[in-house]
Amino acid sequence: MAASVFYSRLLAAATLRSHRPRTALPAAAQVLGSSGLFNNHGVQIQHQQQRNLSLHEYLSMELLQEAGVSIPKGHVAKSPDEAYAIAKKLGSKDVVIKAQVLAGGRGKGTFESGLKGGVKIVFSPEEAKAVSSQMIGKKLFTKQTGEKGRICNQVLVCERRYPRREYYFAITMERSFQGPVLIGSSHGGVNIEDVAAETPEAIVKEPIDIVEGIKKEQAVRLAQKMGFPASIVDSAAENMIKLYDPFLKYDATMVEINPMVEDSDGAVLCMDAKINFDSNSAYRQKKIFDLQDWTQEDERDKDAAKADLNYIGLDGNIGCLVNGAGLAMATMDIIKLHGGTPANFLDVGGGATVHQVTEAFKLITSDKKVLSILVNIFGGIMRCDVIAQGIVMAVKDLEIKIPIVVRLQGTRVDDAKALIADSGLKILACDDLDEAAKMVVKLSEIVTLAKQAQVDVKFQLPI
């Protein structure tokens, strides 16, 4: 496949499915966004199939601890009683309770229990229990979760530290550097995207030689540029070098620390961690991928992963089934050009089977907002007749009652057209992509107008 989806996904400004700005694009990625890796849908394109697995903060912190990185003391609690016990064991006069949800903006979020904020400072084990009881088992709503929120199944209970200064640090993959790059800033504990937009000179970058790794002098140079005091530059550099270990060892695409701090004792600590992992490495990173929390994902994401499909739900009403991420985004663009709104991004890849095509239709039609479907296939490796078989099977098995416009070109296209013609189904064929897009937009508009007028309109298939 020439390209595919990078799963951390879409900017909140994009027409993202309401419950999931799917974690908006990682901050490190947005800092490097000027390299042209993002299209206007907010989807990042790679030269190979790549999806990112994100882990909860407490799991990421455990990986850092294994690497010898300095972090605050803390443990995960899955019940209020466990939170009480951990807070008591820490023996600190004040501790921090951090909701574990895979979404940004938790500090300003609201729980369905009414609790404001997903990060709370408490001053006794009893208060830790009371606060965690309002988090665990409750949904947290943030700008990134949308109206459906995200369930909080556990909280991280950790000691409170008092930072003198806060910094931002990340290691991420960057095409323009042809490998990993270190990113640092003296502006930590804030949205690094805002820093990149308002004061880009405050962000420093250091490319890493993928063969030699991080050199000590390189890490020291970055720490100095970030503004660490001379007395702790070496300590900061050591932590940076140690952070590269899990990045390399676990096939990470990003390790982000925000903030990395100098605390009141003069120690360098990583107070928070976000790590993304390349899903192409799942076959050799079973330990990591077994940690995936599917309760944080939409059911359609889980179904798509099982069928090895690249799917992202959006807010529109025109379903899209396409092979290849580049063609999929071009399809969304042309739908938008003609006044329509895509309901999804769905790339079936270059080697899709009849089963995968059927599963793709199940994903599309499970979204009740979808009023019409555009299938756009250019058969190179992908055979058009396989797609046609899947379409016919899906329409029959799923009893699809909404209009389907199919544009097929390439390998075995004549066989595909014959299969569709012989099926007896009212599947609208179109050779020209522009005409196909116009047609599917018009059909969605007809259904939309009918619904607004409270007129019951059904497309009966077969006719």
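Quick reminder: no glycine exception, Cβ is built from N, Cα and C everywhere.
In Swiss-Prot this protein carries:
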BINDING   K98, G105, R106, G107  ATP binding site
BINDING   N258, D272  Mg(2+) binding site
BINDING   N323, G380, I381, M382  substrate binding site
DOMAIN    61-288  domain 'ATP-grasp'
MOD_RES   K78  N6-acetyllysine
MOD_RES   Y84  phosphotyrosine
MOD_RES   K88  N6-acetyllysine
MOD_RES   K88  N6-succinyllysine
MOD_RES   K129  N6-acetyllysine
MOD_RES   K139  N6-acetyllysine
MOD_RES   K143  N6-acetyllysine
MOD_RES   K216  N6-acetyllysine
MOD_RES   S279  phosphoserine
MOD_RES   T341  phosphothreonine
MOD_RES   K368  N6-acetyllysine
MOD_RES   K438  N6-acetyllysine
SITE      D94  site 'Important for substrate specificity'
SITE      Y162  site 'Important for substrate specificity'
TRANSIT   1-53  transit peptide
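Features recorded in Swiss-Prot, as mapped to the structure shown.
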residue: K78; record: N6-acetyllysine; Cβ contacts under 8 Å, 6 or more apart: I136, N153, Q154
residue: K98; record: ATP binding site; Cβ contacts under 8 Å, 6 or more apart: E57, R106, G118, V119, V155, L156, V157, C158
residue: K129; record: N6-acetyllysine; Cβ contacts under 8 Å, 6 or more apart: P80, D81, A83, Y84, A87
residue: K139; record: N6-acetyllysine; Cβ contacts under 8 Å, 6 or more apart: F111, E112, T145, K148, G149, R150, I151, C152
residue: D272; record: Mg(2+) binding site; Cβ contacts under 8 Å, 6 or more apart: E57, I257, N258, P259
residue: K368; record: N6-acetyllysine; Cβ contacts under 8 Å, 6 or more apart: none
residue: M382; record: substrate binding site; Cβ contacts under 8 Å, 6 or more apart: N323, V348, G349, G350, G351, A352, G410, T411
residue: K438; record: N6-acetyllysine; Cβ contacts under 8 Å, 6 or more apart: H338
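Ranked by Cα separation from I381 (substrate binding site), the recorded positions K88, G107, Y162 are led by G107. N258 (Mg(2+) binding site) carries a strand DSSP state (E or B). In this structure the alpha carbons, written CA, of Y162 (site 'Important for substrate specificity') and G107 (ATP binding site) are 18 Å apart. Separation of the C-alpha atoms of K88 (N6-acetyllysine) and D94 (site 'Important for substrate specificity'): 10 Å, rounded to the nearest whole number. The recorded positions listed here (D94, G105, K216, S279, G380) include G105 as those with a Cα within 10 A of the Cα of K143 (N6-acetyllysine).
Sequence-distant neighbours of K216 (N6-acetyllysine): residues of the same chain at least 6 apart with a C-beta under 8 Å from its C-beta are A237, I241. R106 (ATP binding site): 24 other CB atoms within 10 A of its CB, across all protein chains. Neighbours of K88 (N6-acetyllysine), defined as other CB atoms within 10 A of its CB across all chains, total 16. Counting Cβ atoms from all protein chains shown, the residue listed as 'phosphoserine' has 21 others lying within 10 Å of its own Cβ. Report note: the ATP site is defined by K98, G105, R106, G107, and the residues of the same chain whose CB lies within 8 Å of the CB centroid of those residues, excluding them, are A99, V101, G104, K108, G109, G117, G118, V119, T142. A simple Cβ count within 10 Å picks out one of the binding-site residues N258, N323 as the most packed, and that one is N323. The Cβ of D94 (site 'Important for substrate specificity') lies under 8 Å from the Cβ of I121, V122, F123, R160, each of which sits 6+ residues away along the same chain.
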